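Handing you this structure, nothing more for now.
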């Protein structure tokens, strides 16, 4: 079972809240959050409630001062648990909103949709199997978004109005990926990239 514990203050001090599933509004449990510890599994955290705003990927590890580490200007407001998927991965990506323009089926990581498909951007998608991380820039950099199975005619409902994505990857898929010694963070800002491929 996945588990993450949030703390009011830095260095795991103050009141805490333990979570093993999705939480749309952290303020119901903590008035603030300045550190967290991922004991098992992987999570996506958001700087706005209801899974909106900038998104950050966290896997097993200790984050004694995550705001300083990531340059965040606000605390974590909501969190999603990323389940470990053991089956196939399949997603259709589209060049334009509402499933318009070019369409390509994706079944593995793609570091650059322009190089692979000659597609200038991705502005809608249909996730059929598995869970995906999508990135604003090639090589898994820039703002990112966690995608669960479903149809996404645009990314407005995720707080990413007009956003386009240029690379996609699958979250950790092996048990050992959930057991790294140190936590790694995917920064959803351009100036601090996700360290893709540096699995524990």
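Numbering starts at 1 and runs along the chain as it is shown here.
Backbone N, Cα and C atoms are what each Cβ position is placed from, and that goes for glycine too.
What TrEMBL records for this protein is below:
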type	residues	note
DOMAIN	2-40	domain 'Beta/gamma crystallin 'Greek key''
DOMAIN	41-83	domain 'Beta/gamma crystallin 'Greek key''
DOMAIN	130-167	domain 'Beta/gamma crystallin 'Greek key''
State the residues, same chain only, that lie 6 or more residues beyond the ends of the domain 'Beta/gamma crystallin 'Greek key'' (130-167) and have a CB under 8 A from a CB inside it; answer 'none' if no residue qualifies.
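Distal contacts: 44, 48, 51-57, 80, 82-83, 85, 87-91, 93, 97-99, 110-115, 121-124, 186, 188-190, 193-194, 196.
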On average, what pLDDT score does this prediction assign to the domain 'Beta/gamma crystallin 'Greek key'' (130-167)?
86
